[in-house]
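**Q** Below: one structure in structure tokens.
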Amino acid sequence: MSMRALTGLKPIPPSEITPREVFLDRRRFLAGATAAAAGLGTAAPALAEEMAMKLPAARNAAFSTTDAPTAKKIITGYNNFYEFGMGKSDPAASASKMSVRPWTIEIGGAVEKPRTIGIEEVMRLPLEERVYRFRCVEAWSMVAPWIGVEFNKLAALVGPTSKAKYVRFTSVVQPSVMSGVRAEVIDFPYVEGLRIDEAMHPLTILAVGLYGETLPNQNGAPVRVIVPWKYGFKSAKSIVRIDFVEDQPRSTWMKLQPSEYGFYSNVNPAVDHPRWSQARERRLPDFFASTPTLPFNGYADQVASLYAGMDLKKFF
Amino acid sequence: MRSARAADGRFAWATSDPVRALKPLVFLLCLAPALLLVHDVLYDPEALGANPAETIEHVTGDRSMQFLLGTLAITPLRRITGWGKLIRFRRMLGLFAFFYGVLHLAAYIAFDHYFDVPAILADIVKRPFVTVGFAALVLMTPLAVTSTAGWIRRLGAQNWSRLHKAVYAIAVLGVLHYWWLVKRDLTWPMIYGAILAVLLGWRVWNETLGRQRRRPARVRARAEPGPAE
């Protein structure tokens, strides 16, 4: 005899259960409303900090580096997120004002089932922790314990067609809270792209968490791409739109400085940035840039085959 | 080094020479940013942020540029304010520009390149922003060395002042260095560039147009009502 017969209750379909995320979000909303009512407007950033929610996920050791993760304070305090300003500490100072709920991602283009997906549904996908090296084009690096889901799991929900040769990611624009957007330092929204095989590679994840909690806003909440073998700017933050396309997308940095930032932008110690060497990196918070940079940021075994026969100097 | 005691036996601050009294204070103020960096490196690395080496490079580079502009501001300020004694601070400001420039280069050699000499040489040759920054510091070196009264005597005032005209080129190279290295945000290079343009523009004006009309122009400037009037 089943439990159902004993209790006389119908099983609750998974879709009916309030996800922990949404549930906590309501509490956050209430807490925020209470604080606002009490005239504690200035308490908002602190609140956002407190409200980072636990997001337990088992570490996938096979896909994780054994390098020691960089201190959380550094990962969350030193960011390039130009929508919030050009300074490295600008995002940590002002990204808490970004609204990350409700949040949806529009998925379209060359797919069988174009749709809009809520962040709650993304967070119900099989999340796991991936400790990845993160190498910025500016020659500094970190090691970050992301929590996320392989991008191919999301792609499976919409079914890319044979015309889907590339994937284009578009980041959010919230001008009222983004000083960098208002200053028009760059033509926002931020756009990035991957070749379809790069996007579908198991190393490519959509990250929704960091250090066992939901992603801090300055790191690209609520959901961002992480492509660990490419320079950091390829990993677009705060994604609101994903398009599967036939032609190679023109990314924001390609439009800005095509001679310096190519579409592929694979980490490569042998191909210098026009203005600095990429042979070594500074593992923050080290003083010395004494860490040798590895081809494909150390992920060559997994991804080098994607570029077999390509001249990586030409396709930088 | 001159003693703090004036010739007549009284202490400097008791004499009528305010410059001599102010100099130690100005010296300490100029040195303060470096002392602060040393303090943070030794006792409070977190104060230097997530990328301490970058912070040190930015602070020393900025200070070098600022002292360079300060040095170039002395002459116009003397003329405009009429306080001729300002000239006695110029050498100190110039030497601090050099001092912070040397720290800046040292940080680059140690932190960015980890003393890898071939890589550093390749960098200087290959990258225009490094080339001009390095050139600026190389050009500053003879100016720093010949900044003493003894060297003015040895070179003769005219040669000395001809040599020290290199400071204009150095400042232009400094701004270029900053301009070419930033990725996107040109705010600060533009601010330094604008200040330099004003300082150099003033000299051009003063030398050419201003030459015949200098006196009347200055009288006019003084006679102009200020905002408070």
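Cβ coordinates are placed from backbone N, Cα and C, and glycine is handled just like the others.
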**Q** Write down the one residue from A:SER162, A:SER171, A:SER265 that TrEMBL lists together with A:ASN79, A:TYR82, A:GLU83, A:CYS136, A:ASN219, A:ARG224, A:SER235, A:ALA236, A:LYS237 as binding Mo-molybdopterin.
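**A** The record-listed residue among the candidates is A:SER171.
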**Q** Given the Mo-molybdopterin binding site residues A:ASN79, A:TYR82, A:GLU83, A:CYS136, A:SER171, A:ASN219, A:ARG224, A:SER235, A:ALA236, A:LYS237 in the record, what is the largest Cα to Cα distance, rounded to whole Å?
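**A** Across A:ASN79, A:TYR82, A:GLU83, A:CYS136, A:SER171, A:ASN219, A:ARG224, A:SER235, A:ALA236, A:LYS237, the widest Cα separation comes out at 19 Å.
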**Q** Taking the Cβ of each of the binding-site residues and counting other Cβ atoms inside 10 Å, which one has the highest number: A:ASN79, A:SER171?
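**A** Buried the deepest by this measure is A:ASN79.
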**Q** Taking each of the binding-site residues A:GLU83, A:ARG224, A:ALA236 in turn and counting other Cβ atoms within 10 Å of its Cβ, which one has the fewest?
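**A** Ranked by other Cβ atoms within 10 Å, the binding-site residues A:GLU83, A:ARG224, A:ALA236 bottom out at A:ARG224.
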